[in-house]
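J.: Please find one structure pasted underneath; my questions will follow.
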Amino acid sequence: MTKTLPREEYTDLFGATVGDRIRLGDTSLLAEIEHDHATYGDEAVFGGGKTMRDGMGMQSGTTQADGALDWVFSNVVVVDPVLGIRKGDIGVRNGRIVGVGKAGNPDTMDGVDDELVVGPSTDTVPADGLIATPGGLDIHVHFNSPQLVDHALASGITTMFGGGYGGGATTCTPGPNNVKRFLQAADEWPVNVGFYGKGNSSQPEGLAEQVEAGACGMKLHEDWGSTPAAIDTCLEYAESADIQVCIHTDTLNESGFVEETFDAIDGRAIHTFHIEGAGGGHAPDVLELVGHEHMLPSSTNPSMPYTENTFDEHLDMVMVCHHLNPDVPEDVAFAESRIRAETIAAEDVLHDTGAISMMTSDSQAMGRMAEVISRTWQTADKMKQQRGPLPEDDGTDADNHRIKRYVAKYTINPAIVAGIDDYVGSIEPGKLADIVLWEPAFFGIKPKTVIKGGFPVYSQMGEANGSLMTCEPVEMRPRAGAMGNAKHGLSVTFVSGTAHEAGVGDAYGLDTPVRPVDGTRSVRKADMLYNDYCPDDIDIDAQTFEVSIDGEHVTCEPADELPLAQRYHL
């Protein structure tokens with residue numbers, strides 16, 4: 001006899017299923033379940049009197065060596081830029097994603113996937129009612145403080161690319177010895193890392209020694225001179241070394257205007273940092289670069305989304321970040337040229353249309369490490385409020401396309417640009433099991449658990465002397481995976497292919513596995529999932545700074561209230 005459950009009762013027991021919609025945090029965004037892998041009546045449920053017991057949902061004779069999972073996150077809603085929005089069980093084995101599907105005991109349950117068998121060596125994490133996203137990537141990190149890693153993990157970021165080592169504002173780690181020392185220091189961090197070398201040189205020899213030492217990419221920064229000669233030399237070397245180049249262009253237009261920079265790039269792939277320009281870049285029209293297929297644009301989070309406070313906050317930040325003197329008129333003019341309300345307003349819209357493909361932090365160099373994810377979703381909500389549903393979502397009573405567009409900005413797209421999408425960026429089989437679990441009410445602002453390489457590294461945890469894990473104060477705390485030698489097996493250190501072949505990991509005594517970046521030079525805007533729009537006639541007025549596409553003014557109103565903000569913080 002089949003028992004039929006009302007939808008509300010089923011959701012209370014096993015989480016949402018096909019057709020259910022989930023509100024993300026206190027935003028207006030609604031995620032609708034597109035597919036459920038469950039076999040109704042045979043759900044994998046852990047606990048007293050539940051199904052994941054010996055001879056029931058657990059196949060007793062299957063060992064880990066036979067293929068049983070290490071972990072299964074049961075009945076979780078997956079929000080993923082590649083897999084979409086679906087419900088199922090996530091299987092993890094040897095630190096890698098096995099798959100999203102139906103887990104359990106095939107001897108007693110219907111529909112169990114062959115590769116998702118639960119055995120005595122499997123730990124089941126009851127994730128019904130939770131949302132799982134891929135671990136986030138931030139590929140514009142100023143490593144000024146080692147404590148950035150704690151804030152990154154606590155917010156759901158599990159991969160960090162950047163440079164610097166304290167005291168400097170540029171996102172690069174110049175020189176082979178500095179690269180070596182930073183790689184050795186980062187061996188203590190339970191995150192995936194990669195470091196950029198200094199790309200500002202009109203001769204290639206200084207670039208090569210940094211890449212051979214372990215730099216995973218190069219950074220061109222105006223404070224070191226982003227001249228056409230340096231740009232061309234860096235990109236020419238990058239083509240031979242298969243590394244990505246990131247650029248912070250010339251705000252003052254001293255060595256050329258945006259047209260000269262475009263000509264120097266000459267059709268080669270390049271990651272254009274803070275493309276709007278408040279973080280730096282040709283004033284006032286660096287934003288015009290979003291309209292080209294080989295330009296891979298990102299934003300940094302201080303200007304996202306545009307609010308009534310954004311303009312005033314940025315002036316002071318620029319003065320401090322670039323060591324400017326408020327008593328020197330030229331320094332003040334430099335700062336004021338970078339901060340333009342009109343281009344900041346257009347930036348939100350360009351994200352919503354998919355013209356800007358990635359979100360990053362610019363940590364401690366105007367941006368905030370722990371706000372990449374929250375500001376991404378604040379922008380998505382603001383755009384829904386001001387612009388309505390996207391055409392792809394119109395009539396669905398949900399926001400699935402917009403949700404996939406925005407989650408891709410800090411997961412799969414930066415992974416593709418950095419050349420590491422074989423390892424991270426989505427919850428696809430074979431990738432590192434970097435997973436963030438969220439309670440829907442706290443989605444985008446406070447993770448419940450951060451899984452790194454298939455093991456918990458941070459989670460909401462109560463007082464250690466309390467009788468239960470839920471005893472207050474409950475706060476984000478490190479877990480066992482962040483400690484001892486465990487952390488080395490959970491992460492990857494990314495270097496150039498040249499450095500990997502040379503064995504820098506062994507030479508430097510690194511315990512964390514070292515892997516090469518790959519495929520960076522062929523990346524184009526068309527490869528950016530849900531964010532591949534190339535406006536072919538974008539113009540910035542040199543006097544008013546107004547942005548237009550095909551003659552149509554692109555702008556939005558500053559927000560005076562945002563979700564995922566004070567409601568969640570004391």
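Note: Cβ is positioned from N, Cα and C throughout, glycine not excepted.
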J.: Would you identify which residue of Lys219, Lys431, Lys446, Lys448 Swiss-Prot lists as part of the Ni(2+) 1 site it also attributes to His140, His142, Asp362?
T.: Lys219
J.: Measuring CB to CB from His140 (Ni(2+) 1 binding site), give everything in the same chain under 8 Å that is also at least six residues away in sequence.
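T.: Spatial neighbours, sequence-distant, of His140 (Ni(2+) 1 binding site): Phe161, Gly162, Thr171, Cys246, Phe273, His274, Ser298, Thr300, Thr360, Ser361, Asp362, Ser363, Gly367.
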J.: If you count other CB atoms within 10 A of each CB, which of His142, Lys219, His221, His322 wins among these recorded positions?
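T.: The most densely surrounded of these recorded positions is Lys219.
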J.: Spatial neighbours of His221 (substrate binding site) among the recorded positions His142, His248, His322, defined as Cα within 10 A: which are they?
T.: His248
J.: Take every residue in the domain 'Urease' (135-570), average their pLDDT values, and give the whole-number result.
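T.: Per the prediction, mean pLDDT sits at 95 for the domain 'Urease' (135-570).
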J.: Within 10 Å of the Cβ of His274 (Ni(2+) 2 binding site), how many other Cβ atoms are there?
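T.: Cβ-Cβ neighbours of His274 (Ni(2+) 2 binding site) within 10 Å number 26.
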J.: Filter the binding-site residues His142, Lys219, His248 down to those whose C-alpha lies within 10 angstroms of the C-alpha of His322 (active site, proton donor); answer none if the list is empty.
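T.: Qualifying among His142, Lys219, His248: none.
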J.: Return only the integer: C-alpha distance in Å from Lys219 (Ni(2+) 1 binding site) to His248 (Ni(2+) 2 binding site).
T.: 8
